[in-house]
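Chemist: Copying in the features that TrEMBL gives for the protein in this structure:
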- B:Glu48: active site, proton acceptor (ACT_SITE)
- B:Asp59: active site, proton acceptor (ACT_SITE)
Amino acid sequence: MTTTSNVPAYGRFGGFGGRYVPEALIPALEQLEEVWRKAVVDPEFVGELERLHRTYTGRPSLITEVPRFAEHCGGARIILKREDLNHTGSHKINNVLGQALLTKRMGKTRVIAETGAGQHGVATATAAALLGLECVVYMGRKDTERQALNVARMRLLGATVVPVDNGSKTLKDAVNEAFRDWVANVATTHYVLGTVTGPHPFPEMVRDFHRVIGVEARQQVLDLVGRLPDAVLACVGGGSNAIGIFHRFIDDRSVRLIGFEAGGEGVASGKHAARFSAGIPGVLHGAFTYVMQDEDGQTVESHSVSAGLDYPSVGPEHAHLLESGRAEYRPVTDDEAMEAFSLLSRTEGILPAIESAHALAGAIKVGRELGPDAVLLVNLSGRGDKDVHTAAEWFGLIDGEGATRLPDDDGAKGMGVQQ
Amino acid sequence: MSVDSVFEKCRADGRPALIGYLPVGFPSVEGSITAMKVLVDSGVDIVEIGVPYSDPVMDGPVIQDAAVRALAAGVHLTDIFTAAREVSDAGAGALVMTYWNPVLRYGVERFAADLAAAGGAGLITPDLIPDEAGDWIAAADAHDLDKVFLVAPSSTPERLSAVTARCRGFVYATAVMGVTGARASVGEAADALVSRTREHTDLPVCVGLGVSTGDQAAEVGRYADGVIVGSALVRCLTEADSEEQGLEALGALARELADGVRRSRA
């Protein structure tokens, strides 16, 4: 690849990664890297983060085997890593607590964040409340509408939510706005970037804060089934939950690592966020990685029923895992994800986040490919409470205007309980 | 005209250079080139030809708005070469300002070759730091193009030294910590940054971000080798009721700024 032939390997995963940001931010990135590298070998920092994981987040998170769901997965054993049970309802809190502690160490008093589904924004608002930091969250207008519950949660936690009306009004535009804020306020403000992309050191640092997912899960699976899983599955938006569960398994060459991107209405439709199916390497938001772009290098808007996966780029380490052949990535359509959402809810009593439902849909496919002897570890990265409105609309339980009156269940008919 | 000869001429006149930014493609490719020629006719020494980009993280609302409208109107990257040719033929320096991905997509070496062939002087790269610019530096050197990297009030002495060592043409000093857009006051940070930058380089140091009036241009011109104006010029076009009115307002502001740089050291 000629585009990377002359650049140093610093902050790179293979040829991917780097630091493509305005010069004004370089000192802040250098400070962040220095403070972070010192902190992770400082027993006080490590101890404080572990204490928060244990007493606040609820780590270690459980694993749950789901046999009734597995009946639909070719009989393979399916084990879920329950990041949905973390405080704030997703894996995002792992990274946010780490970065919030670093913010204090840097002597900064304000944090900003971008959010798509709202999970990262909620986690950041939570950590800011816990540690007494001012918090501003940028969120695309379209996402504030489809994730209204999370907007309310952030405001209840004392954060300011700024709807972003530029561009596609989704996650990528929220990131742009967060960068603009950061350039102007970098002296007092830390940008709590929510995924494993952006300029170095974010992809590596955010990965390391999420690595606990795979470290716990690997031992838990060994304890439960006496061997490593055949495959580890996760959804991939920016890719933080996926890299978090993948990373501990990278040296276990027998374990397949499979990421599932948002296939939206199908890759052929053009309305998707399948960067590894339709993107090519380029630069977006500070990193050289796969980007959905046109022939002029303009970013192409992504589409997904899932706000958290609706992003035209992906973490650079995933690009490296793809090109090196260590991981594989496949698209899952909106329809497939929603079917898996419904299936897990009805067979196991667990409402997954729509993002995580993409990994569940992947488990249905991969389980059928590998058959009943296979053991699949699936990262259930978040819970579906925030998605109740979207899912209820999708399945026709409420009308499009969001009216609160529900139609009667089929089973209720003739039983004299209708009004 | 090369950027070097522009600064030579300005030095001989005992004044700073005036550098004006406009995006190609707003209100149309042709209309934007006409506007760039108005800048040249009104006393602008170097035209910064902007490439509209979908994700301009260094830009404030005025330039974002123009970029969105230019892209909607169908501008393409190759239009930059037409603009560079026309600006250069009109007698001004033609520097292209672009975010990095469009160049990467086009091919760095191919872009440098085509820009040089069109009479372009070089590139200003707001999101490409020299540390990541190996391919661009090689291509620019091969095609005799200027490489304008940015320094900021936050830049440490180590960064100032590293960045200025890789610049050719001039050094772009961002006056404030923030995005593009007119500001009531350019601030003291700019003056200090120019002094700090000069400790590391003999290249001209030009100041941008926030300048919108002749008086501000005169003030900045007292200590900088060049005054860069963007959003205030762009707004003349985006807020006009008609193209004619926009060009009139643009010419008037450019003349005011040109007058400002000419009286800055009087």
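Glycine too: its Cβ is placed from the backbone N, Cα and C atoms.
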Chemist: Please report the distance from the Cα of B:Asp59 (active site, proton acceptor) to the Cα of B:Glu48 (active site, proton acceptor), rounded to the nearest angstrom.
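Modeler: Given the Cα positions, B:Asp59 (active site, proton acceptor) is 14 Å from B:Glu48 (active site, proton acceptor).
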Chemist: May I ask which residues of the same chain, at least 6 positions away in sequence, place their Cβ under 8 angstroms from the Cβ of B:Glu48 (active site, proton acceptor)?
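Modeler: In sequence order, the residues whose Cβ lies under 8 Å from that of B:Glu48 (active site, proton acceptor) (at least 6 apart) are B:Ile19, B:Gly20, B:Tyr21, B:Leu22, B:Leu95, B:Val96, B:Met97, B:Ile124, B:Ile228, B:Gly230.
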Chemist: Give the three-state DSSP assignment (helix, strand or coil) for B:Glu48 (active site, proton acceptor).
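Modeler: B:Glu48 (active site, proton acceptor) sits in a strand per DSSP.
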Chemist: With DSSP assignments reduced to helix, strand and coil, which class does B:Asp59 (active site, proton acceptor) get?
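Modeler: The three-state answer is coil.
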